[in-house]
Amino acid sequence: MRISVIGCGYLGAVHASAMAELGHDVVGIDVDERKITDLRSGRAPFFEPGLHDILTSATASGRLRFSTDIAEAADAEIHFIAVGTPQSADTYAADLRFVDAAFEGLLPHLADGALIVGKSTVPVGTAERLAARLAEAAPHAHLAWNPEFLREGFAVQDTIAPDRLVYGVADDRAAAQLDQVYRAAIEAGTPRIVTDYATAELVKVAANAFLATKISFINAMAEIAEATGADVTQLADAIGHDARIGRRFLNAGVGFGGGCLPKDIRAFSARAEELGRGESVAFLKEVDAINLRRRRRVVDLAVESFGGSVVGKRVAVLGVTFKPDSDDVRDSPALDVAVHFKGLGADVIATDPEGIANARARHPQLAYTEDTDEALRGADLVVLVTEWREYRNLDPVEVGRLVANRFVIDGRNVLDPAAWRAAGWEYRGLGRP
Ligand SMILES: NC(=O)C1=CN([C@@H]2O[C@H](COP(=O)(O)OP(=O)(O)OC[C@H]3O[C@@H](n4cnc5c(N)ncnc54)[C@H](O)[C@@H]3O)[C@@H](O)[C@H]2O)C=CC1
Ligand SMILES: O=C(O)[C@H]1O[C@H](OP(=O)(O)OP(=O)(O)OC[C@H]2O[C@@H](n3ccc(=O)[nH]c3=O)[C@H](O)[C@@H]2O)[C@H](O)[C@@H](O)[C@@H]1O
């Protein structure tokens, strides 16, 4: 099929490349010229495992091209909107400016029977509003909402083989067109839920709200564990054996960040309040508060251990991205911890395999190095805040030879406390004795 993807960020660049990989003829559109120049030359504008391969094979095959001119989308039968929906600074509601601009930009270029498909995460009610506008401005086209559930770090495989497909549609024709787009996944047995706009929009925010709640639940248990000497990691293993609970997303630590979970739960709360149902999701404010407290806890542990102050202490911060296998530092707990240490007068040096350029752009006041050993050399404290494989696999004996003081705070509970203590380290985890 002929497809356009409007917005080529973390979601759109992967979606465009994956659709071309599946055999569709795709044009990716973005207002950011630098991104489009990169994509045109087969360079992924961000780090995502597997993206480079499908991007280069699809551009070489001629099935994938990129442009800053939305008129180039005019040929497409299906237009995916994948632009950002960031948090508004004042209300925390989703800022729909980019979605509205992309939608309005498409209106003059819609072929007969064209389908606009929203992928961006939006407040419930957005699709209905856009469908009403479409009926008036371009009645020969129609609209569907098809939320995206990919995870950064696994974005390519999640796009090609998703857990499920959700179509919010107003007619059967839209569902049939989407079936053609996703034929490969459907033939492979991917479950598909065809529903109305409101349900589709809500499925997306409900899924992210549930995941955030699960993480904050285990982090709340970590707080109780800290008050009692219990071990939250064993607790998670034990409750996780219950298939009704499940072990995934029960890793306690510095909590969730990124361009989605934090902003999505806040936008959901804001939308529920607009609907007069704020109390139904009031717990999400607690989920957010627990999450933010855990970032602070790492710093408090250090201050406590150093007898009240970290001024002048050399702190090696391992990780700046919000999760491993991504270069994304949006609302990153790791970066927040680094900034907080710096604010308290510590001599911070942060390292990360992929995230330094993005971190430096946001927080130029921090010192960075790409060399893990350089970060560790002379440290009074090592803080692991993003569980990249290379940090999980650090050898406590070797690291012990580099640092000035053997003190580690494991903000992701991924190190083996016994091995680190045996190598002479003071080990502190979150919610671990
Ligand atoms: N990043 C992720 O893993 C996932 C993101 N989402 C949702 O997808 C949406 C996009 O998120 P990201 O890709 O992370 O954001 P992003 O900020 O990485 O990308 C958005 C892109 O849209 C472009 N853009 C803005 N206005 C435009 C316009 N009028 N025309 C063309 N391009 C325009 C921007 O230049 C940028 O490249 C958000 O609603 C997000 O919540 C959903 C699932 C996964
Ligand atoms: O809407 C989105 O953009 C996406 O948001 C999340 O995906 P993502 O943000 O890429 O990352 P996750 O793997 O969900 O991790 C989010 C954060 O939670 C943290 N986390 C995760 C799991 C856990 O047990 N504990 C924990 O603290 C991670 O470190 C990370 O900071 C969802 O998992 C995706 O399904 C969704 O599509």
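Even glycines carry a Cβ here, placed using N, Cα and C.
Automatic prediction, not curation, is the source of TrEMBL annotations.
The Cβ of Cys260 (active site, nucleophile) lies under 8 Å from the Cβ of Thr121, Asn208, each on the same chain and at least six residues away in sequence. Per TrEMBL, the feature active site, nucleophile maps to Cys260.
Taken from TrEMBL, the feature NAD(+) binding site covers Asp30, Lys35, Thr85, Thr121, Glu152, Lys263, Arg330. DSSP classifies Thr121 (NAD(+) binding site) as coil under the three-state reduction. Cβ neighbours within 10 Å of Thr121 (NAD(+) binding site), excluding its own Cβ and spanning all shown chains: 25.
Annotation comment: TrEMBL describes Phe149, Leu150, Arg151, Glu152, Lys204, Phe249, Leu250, Asn251, Ala252, Gly253, Gly257, Lys323 as substrate binding site. In three-state terms derived from DSSP, Phe149 (substrate binding site) belongs to neither a helical nor a strand segment and is classed as coil.
Taken from TrEMBL, the feature domain 'UDP-glucose/GDP-mannose dehydrogenase C-terminal' applies to 316-417.
Summarised by DSSP class, the composition of the domain 'UDP-glucose/GDP-mannose dehydrogenase C-terminal' (316-417) is 35 helix, 19 strand, 48 coil.
In this structure, the binding-site residues Lys35, Arg151, Lys263, Arg330 were compared by how many other Cβ atoms lie within 10 Å of their Cβ, and the smallest count belongs to Arg151. Our reading of the NAD(+) binding annotation (Asp30, Lys35, Thr85, Thr121, Glu152, Lys263, Arg330) yields a largest Cα to Cα distance of 24 angstrom.
DSSP classifies Lys204 (substrate binding site) as helix under the three-state reduction. Proximity of the recorded positions (Asp30, Arg151, Lys204, Cys260, Lys263) to ligand 2: a Cβ under 6 Å from the molecule is found for Arg151, Cys260. Of the recorded residues, Phe149 (substrate binding site) and Asp30 (NAD(+) binding site) place their C-alpha atoms 21 Å from one another.
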